[in-house]
């Protein structure tokens, strides 16, 4: 039994992947709680899709994907603002049209016959292809997310639960919303390297949803979400190693399964007299 648990970690590539999923689990788990509490799940998905063309172009020209993602988001914001000015379209429809178009453009670039191999990893993720530089970048971004979440905690808590009282003590909602948007962008950039553009939202939402079924207090919820994210990441690597399936899909599948199981347990507990 012990040999089976230790065997995968004899491979250097899996040891690097282990560090990567720990970074993703901590960053996305901690921030995912605020995403769920603020009702920003759609925003998280939109962010990941909006930055995709920027990620692909950055990979094509050989610049850091973080820079490409940031530029992609800036372009997406301008496009949404411009589309929102079309009276017959409306703000919500503008977001949907722009984000879907950007995802389609990024997919077209990544899967084009002329594109170099490996760009598909930006779409579906490839945690086993983590490079030392990518690992260092993920660790740095995860540290920024955790530190930023700690610094912004009072503002996020005050605005998220009682905006009126927060305003009365001088905390503006805009500052909390802006902090959440920046931290969410960083967390998505951490996760997209391991899980890809399509699966990163699972790392943000599923651990927080599962944690919220056990406690309504924010600090324990954050700790539980981080633990669930890391555990599912490690479990996904084991599943990938022994079952021979894609690591990113295994991790995302475990995350969704845990969230569904937690919701089912909560439903059963609530229904029990």
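Every residue, even glycine, has its Cβ placed from backbone N, Cα and C.
TrEMBL has this to say about the protein:
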TRANSMEM  17-37  transmembrane segment
TRANSMEM  57-82  transmembrane segment
TRANSMEM  94-113  transmembrane segment
TRANSMEM  133-153  transmembrane segment
TRANSMEM  174-192  transmembrane segment
TRANSMEM  198-214  transmembrane segment
TRANSMEM  221-239  transmembrane segment
TRANSMEM  245-265  transmembrane segment
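Outside the transmembrane segment (198-214), and at least 6 residues removed from its termini, the chain residues within Cβ reach (under 8 Å) are 24-25, 28-29, 31-33, 35-37, 41, 44-45, 48, 123-125, 184, 187-188, 191-192, 220-222, 224-226, 228-229, 232, 248-249, 251-252, 255-256, 258-259, 261-263, 265-266. Within the same chain, residues 8, 14, 17-18, 21-22, 24-26, 28-30, 32-33, 127, 149, 203, 206-208, 210-212, 214-215, 245, 247-248, 250-255, 258 sit at least 6 positions outside the transmembrane segment (221-239) and bring their C-beta atoms closer than 8 Å to a C-beta of that stretch.
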